[in-house]
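Participant: Quick paste of what TrEMBL says about this protein:
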ACT_SITE  ARG202  active site
BINDING   HIS105, GLU123, HIS182  Zn(2+) binding site
DOMAIN    15-114  domain 'Phosphomannose isomerase type I catalytic'
Amino acid sequence: MARPPLYPLRFDPIFTTNLWGGRRLPAYLNRTVSHDDPVGEAWVLSDVDGSPSRVTDGPLAGRTLRELLADAPERVVGGAKAPQGRFPLLLKFLDARQELSVQVHPNDQQAALLGPGKFGKTEAWVVLDRDPATSRLYAGFAEGVCASAFRAALDAKTTPGTLHSFTPEVGDCVFLEAGTVHAIGADLLLFEVQQTSDITYRLYDWDRVDAKTKQPRQLHIDEGLGCADFGRGPCHPVRPSAAADGAARRETLVSCEYFTLERRTGAAPFRAGAADACRAVVCVGGSGALEWGGNSYPLRTGDVYLLPAEVGAVTAVPATQLTLLECGLPA
């Protein structure tokens with residue numbers, strides 16, 4: 001039986017409630033939620049076990065990302081790898097009304113020891129909004145911090161002072177390899193691309209208690225210290241390389257073994273995606289449409305489209321100045 005053709009795919013966001021979250025994400029993504037709890041994350045492209053993204057509209061509406069991969073992985077990811085039949089990236093937005101915990105994630109080798117299907121977590125953030133008076137990012141250790149000094153700070157509850165921190169600017173990109181101890185400060189709206197993993201070791205949680213349980217959240221000191229890399233830090237915002245790309249300005253933010261991340265900005269039609277390659281396009285400014293195959297797909301801030309390899313490149317048609325983030329899979 002012939003498989004239905006692929007097309008630029010949107011997926012229903014998966015909202016998560018978090019004690020540190022805010023209330024901006026549903027409106028940012030043009031959605032509603034049925035509760036008043038703080039929403040910390042919106043997973044907009046996920047193949048994490050138990051949290052599969054489902055196609056929003058079109059002939060494939062309701063199908064999960066994993067089902068699409070199972071049908072014909074080469075149609076989705078092209079020549080890129082899909083380890084164990086899973087899409088290798090998780091894309092999300094984060095709204096931090098309060099600080100997130102100081103935390104760390106394992107690398108692939110460490111995660112594999114936890115069981116089959118476990119992956120490490122290398123990630124990158126892009127700052128979408130911040131409060132210049134209150135927002136900070138914590139990325140890697142400050143100069144001269146060693147394992148014993150960090151352990152002493154954990155015991156003394158002075159952990160943030162051991163980390164490199166800075167006041168971010170809108171547009172900053174921070175690349176964090178697995179093993180980098182980090183934290184997201186208050187009053188920040190971020191986009192994040194990461195490996196498909198949900199393994200987090202919480203090292204310090206600002207001495208707070210959960211409003212619902214009235215208890216502190218669990219820490220994972222031994223596990224976290226076991227995968228913390230004391231050679232990582234300070235981590236500064238990346239200095240992107242920029243070039244003209246047709247009618248758009250293209251900035252290369254990250255290129256690593258797990259993903260690529262670019263930013264494209266333009267006011268006239270420009271190309272997004274790449275022939276025979278899988279890309280995810282994220283609108284973080286402006287509005288317009290993606291045109292492909294004689295069809296037009298609406299595009300506004302917060303929209304995310306997966307461009308399967310079978311689709312390849314599309315044309316972005318701005319209605320206003322348009323800023324897209326483009327996440328790719330290395331071949």
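Backbone N, Cα and C atoms are what each Cβ position is placed from, and that goes for glycine too.
Heads up, TrEMBL stuff is auto-annotated, nobody curated it.
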Participant: Just name the most isolated of the recorded positions HIS105, HIS182, ARG202, going by other Cβ atoms within 10 Å of its Cβ.
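Facilitator: Comparing Cβ neighbours within 10 Å for the recorded positions HIS105, HIS182, ARG202, ARG202 has the fewest.
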Participant: For Zn(2+), what surrounds HIS105, GLU123, HIS182 with a Cβ no more than 8 Å from their Cβ centroid?
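Facilitator: Apart from the listed residues, the neighbours are GLN103, VAL104, LYS121, THR122, LEU176, ALA178, THR180, GLN194.
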Participant: Looking only at the domain 'Phosphomannose isomerase type I catalytic' (15-114), what is the model's average confidence as pLDDT?
Facilitator: 96
Participant: Taking only the Cα atoms, work out how far HIS105 (Zn(2+) binding site) lies from ARG202 (active site), in Å, as a whole number.
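Facilitator: Between the Cα atoms of HIS105 (Zn(2+) binding site) and ARG202 (active site), the distance comes to 9 Å.
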Participant: For the domain 'Phosphomannose isomerase type I catalytic' (15-114), jot down how many residues DSSP puts in helix, in strand and in coil.
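Facilitator: Taking each residue of the domain 'Phosphomannose isomerase type I catalytic' (15-114) in turn, the totals are 24 helix, 33 strand, 43 coil.
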Participant: What Cα-Cα separation, expressed in whole Å, is found between ARG202 (active site) and HIS182 (Zn(2+) binding site)?
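Facilitator: Distance between the two Cα atoms comes out at 10 Å.
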Participant: Any same-chain residues 6+ apart from GLU123 (Zn(2+) binding site) with CB under 8 Å of its CB? Would you list them in sequence order, or say none?
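Facilitator: Same-chain residues close to GLU123 (Zn(2+) binding site) (Cβ under 8 Å, separated by 6 or more) are HIS105, PHE175, LEU176, GLU192, VAL193, GLN194, GLN195.
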